[in-house]
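Trainee: The structure is given below, and queries will be raised subsequently.
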Amino acid sequence: MADSETISKTPIEHEPVDLKGDVAHLSSVEHLSVLPHGTVDPVYELKARVLNNAIQEIGMGRYQWQLFIVVGFGWANDNFWPIVTSLIFTPITNEFLPSRPPLLSLAQNIGLLVGAMFWGFGCDVFGRRWAFNLTLGITAIFGLTAAGSPNFAAIGCFAALWSFGVGGNLPVDSAVFLEFLPGSHQYLLTILSVYWALAQVLANLIAWPLLGSLTCQEDATCTKKNNMGWRYFVITCGGISMIQFIIRFVLFTIHESPKYLMGKGKDEEAVRVVHDVARRNGKTSGLTIEDLRACEPSGVNQQTDSKAAIKRELAKFNLTHVRALFASKRLALSTSLIMVIWAFIGLAYPLYNAFLPYIQATRGAKFGDGSTYLTYRNSLIIAVLGVPGTLLGGFLVELPKFGRKGTLSISTILTGVFLYASTTALTSNALLGWNCAFSFFSNIMYSVLYSYTPEIFLTKHRGTGNALTATSNRIFGIMAPIIAMFANLQTAAPVYTSGALFIVAGLLVVILPFEPQGRASL
């Protein structure tokens, strides 16, 4: 077997030779260097570069733009259904009169946590395709069923079940999209978050007439008959997710990721997928199986006997993917920090945003304009302001010497600053203005965070890396409703806590070791 250094320098015939750029690239991702005890596979790294070049050669075409649309469904649902829970929180509380209303948000966050762990880790085991399709289907089915909930316990169970599907969207969809995306167009991963913002607008747009007109008013006797709005709302939202699932499953053929297939030793299938993507883009690819085999040291053949197959299946369930994310000091620092950042934001955002309609309603009543209609109107206005924030984030991440880290750090800090500013509001219009600023910068923050995170993980461990960060986010998200149960939401306490967490998270971004701007993801 050739030694590691020889392997890492194996020439690739169709790969453009740019020694200066190559050296700069390697120095910026030192965790990809060959490590002791085979921590990082140099053959995988070379094959990933070959596939990156093949995807870049094909370019951005019909397949990627279609993928941009259907992946956007996952982004949309990730925000859509938590917003649904937030919007139905008050009418459900008024109708069922639970002793601890935040248990609804707790059920949702438990579902999101389990979903993120199951689908995020699972897509590295059984592939992206099944997870990509099933997450939306599960969300739609239980979302539609939830409309028939007879009591608070039932709606809580269904919220947990639909959230199990929702929790897998970002870990899986970001991996799928990034692995088919040419390096020249990786900024589109940031632009994808426009779906996240549009979902918030859509949810509020549907809620305004349904919940605003067919929902019990504050402090009024509330029965099922005069509180049907939330049921119509949930049915509508479940129907939208079902349509998206049908489009994904029936009208679009999703390929398994070439780099995922290559990482599993299925080089022939990886080459076939690349050629089919090229065909759908109206192009041809020069990639051959020999290009991938040229990256392998001589004398090494993949074992194909049944004993080896059983071992490989059992090996899927060990901690290899997790250990690889902490394989060097810089990589361990990067993985740890991004998990902490996701955790802090996971607590800060739901602590404030999940109870925003409640805060608006109670404060609006204090200001003299707390009607249900105005509450949902204001929620729609706040949601609309998030759309330009997402688009601006896609522009800022490509600015030289600013990039992902600069945009993420500044937008996260400003999100916290404007939360603090909202406590100074003396009128409901002033509160609305500060909340709009919060929505604008928080959408920039999320658009960058969702793209930066998968970019810093290797493809073969990306699903696991996404799962770890999503799990951190969801675990701390579970803490938000628990805190809300014992905190006084009619004070500014949740706002102060959320603002501090956002600011600290923004400062932590500064010391993240990797900036993926301008580099194709491996």
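Using the three backbone atoms N, Cα and C, a Cβ is placed for every residue, glycine included.
A TrEMBL annotation is a machine prediction, not a hand-curated record.
Pasting the relevant annotations from TrEMBL:
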DOMAIN    67-517  domain 'Major facilitator superfamily (MFS) profile'
TRANSMEM  67-92  transmembrane segment
TRANSMEM  104-123  transmembrane segment
TRANSMEM  130-147  transmembrane segment
TRANSMEM  153-180  transmembrane segment
TRANSMEM  187-210  transmembrane segment
TRANSMEM  230-254  transmembrane segment
TRANSMEM  331-352  transmembrane segment
TRANSMEM  380-399  transmembrane segment
TRANSMEM  406-426  transmembrane segment
TRANSMEM  432-452  transmembrane segment
TRANSMEM  473-489  transmembrane segment
TRANSMEM  495-514  transmembrane segment
Trainee: At a C-beta cut-off of under 8 Å, are there same-chain residues at least 6 beyond the transmembrane segment (130-147) that contact it? List them, or none.
Mentor: 73-74, 77, 81, 84, 115, 119, 122-123, 154-155, 158-159, 161-162, 164-166, 168-169, 172-173, 176, 231-232, 234-235, 237-239, 241-242, 244-245, 248-249, 254
Trainee: If we skip the immediate neighbours and take only residues 6+ beyond the ends of the transmembrane segment (67-92), which ones have a Cβ under 8 Å from one of its Cβ atoms?
Mentor: 101, 104-105, 108, 112, 132, 135-136, 139, 143, 152, 155, 159, 162-163, 165-166, 169-170, 172-173, 176-177, 180, 188, 192-200, 202-204, 207, 211, 215-216, 222, 227, 229-230, 233-234, 237, 240-241, 244, 247-248, 252, 254, 350, 353-358, 361, 372, 375-376, 379, 383, 450
Trainee: For the transmembrane segment (473-489) against the transmembrane segment (331-352), do we get 3 or more Cβ-Cβ pairs below 8 Å once near-sequence pairs (under 6 apart) are dropped?
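Mentor: Yes, the transmembrane segment (473-489) and the transmembrane segment (331-352) are in contact.
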Trainee: Looking at the stretches 104-123, 187-210, 230-254, 380-399, 495-514, which one shares the most CB pairs under 8 Å with the transmembrane segment (331-352)?
Mentor: 495-514
Trainee: Counting only residues 6 or more past its boundaries, what in the same chain has a CB within less than 8 Å of a CB in the transmembrane segment (104-123)?
Mentor: 81-82, 85-86, 89, 92-93, 98, 131, 135, 152, 155-157, 159-172, 175, 321, 350, 354-355, 463-464, 466-468, 470-471, 473-475, 477-478, 480-482, 484
Trainee: How about the transmembrane segment (432-452) and the transmembrane segment (495-514): at least 3 CB pairs under 8 Å, pairs 6 or more apart in sequence, or not?
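Mentor: Touching, no - the transmembrane segment (432-452) and the transmembrane segment (495-514) miss the threshold of 3 or more Cβ pairs under 8 Å.
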Trainee: Please give the sequence-distant neighbours of the transmembrane segment (495-514): residues at least 6 beyond its ends with Cβ less than 8 Å from one of its Cβ atoms.
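Mentor: Non-local partners: 28-29, 330, 333-334, 337-338, 340-341, 344-345, 347-349, 351-352, 405, 408-417, 419-420, 422-423, 456, 483.
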